[in-house]
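*Asks:* Quick paste from TrEMBL:
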- 6-30: transmembrane segment (TRANSMEM)
- 42-68: transmembrane segment (TRANSMEM)
- 95-119: transmembrane segment (TRANSMEM)
- 126-147: transmembrane segment (TRANSMEM)
- 183-204: transmembrane segment (TRANSMEM)
- 225-248: transmembrane segment (TRANSMEM)
- 260-279: transmembrane segment (TRANSMEM)
Amino acid sequence: MITLVLSIISILIMTEFVLGNFVNGFIALVNCNDWLRKQKVSLADGILTALAVCRIVLLWTILINWYATMYNPALYSLRIVIRVAWTVSNHFSNWLATSLSIFYLFKIANFSSLIFLHLKWRVKSVVLMMMLGTAVILFFQVAVLSIDETIQTSEYERNITEKTKLRDILHLSNMTLLTLTNFIPFTMSLISFLLLIFFLWKHLRKMQLNGKRSQDPSTKVHIKAMQTVISFLFLFATYMLTVILTIWNSNELQKELVQRLFQALAITYPSIHSFILIWTNRKLTQTFLSFLWQPRCWLKVKGT
């Protein structure tokens, strides 16, 4: 029974990996092609393209880690490289998705606060400064991670089990930084969502007072953006919970079934959310539908 469950989870991981690479590759190719054709790119398309590339790297690191832990323990010597690649791709994936949520907030909401209006007019600079600021945090995170993993790998290869205060401090710092770098972007996305909800409530109330229909074009755009943020929050929350449980309970997650289950949940986030991004983007949706219809048209022509 356990073997059957492990096989099902493995098939699920591989399926999500293939679909995730396909959909993120599709987003990157469509936006890059549009960029080359028009010689310019919008902020939203730039964020989407960078996010898609980061998620492809993230998917590959999750798959390699899954293969190394399940089938090839000899790759333990490459643990540092895998963990650093995962940390970097995970960091930018999370913050770029958060930037997208913040972009939707500034694009759609229209509060009378001077601070909000100032940030709204300079949303490109806000996103750029946020990414540069978090890159500094990433530098320290990678440094602590590299030292911690180097010590653990050295102890593993020499079969040393004794603990030192320095190792404990480094390991605790590493786990704390990983937790914070996942929790902070989630919190910012949650705040963006709550502000969107509040603005929608004010917008609907104003329209009711003016005797207008609630399903006007601006409201529909607002609701669609909220659907994107909600889906991101749900998938990100699942992913963040998986990562945090793995970080703080690494010694207790030695069972093969539990490890594969957590990896299957982790790989869902960069795969499924990208499908939702296509569905909520008119250009990507039209291109995707056109891509799906091409084989059918080709078969029709061939049949005639």
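Start at 1 and count along the chain as shown; that gives each residue its number.
Cβ from N, Cα, C; glycine included.
Map the listed features onto the structure and describe their local environment.
*Replies:* Among residues of the same chain six or more beyond the transmembrane segment (42-68), those with a C-beta under 8 A of the stretch's C-beta atoms are 13, 17, 20-21, 24-25, 27-28, 31-32, 34-35, 75-76, 78-79, 82, 85-86, 88-90, 92-93, 96-97, 99-100, 103, 107, 123-124, 127, 260, 263, 266-267, 270-271, 274, 277, 281, 284.
Below 8 angstroms of C-beta separation, residues 43, 47, 80, 83-84, 87-88, 91-92, 95-96, 99, 102-103, 106, 119, 170, 173-174, 177-178, 181 of the same chain, each at least six residues beyond the ends of the transmembrane segment (126-147), sit close to that stretch.
For the transmembrane segment (183-204), the residues of the chain that approach it from at least six positions outside its boundaries are 94-95, 97-98, 101-102, 104-105, 108-111, 214, 218-219, 222-223, 225-226, 229-230, 232-233, 236-237, 240, 244, judged by C-beta separation under 8 angstroms.
If you look at the transmembrane segment (260-279), the same-chain residues 6 or more away from its ends with a CB under 8 A from one of its CBs are 6, 9-10, 12-13, 16-17, 19-20, 23-24, 26-27, 48, 51-52, 55, 58-59, 62-63, 65-66, 70, 93, 97, 100, 227-228, 231-232, 235-236, 238-239, 242-243, 245-246, 253, 285, 288.
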*Asks:* Residue list, the transmembrane segment (225-248) vs rest of chain: Cβ under 8 Å, 6 or more residues beyond ends.
*Replies:* 90, 94, 97, 100-101, 104, 107-108, 175, 178-179, 182-183, 185-186, 189-190, 192-193, 196-197, 200, 262, 265-266, 268-269, 272-273, 276-277, 280
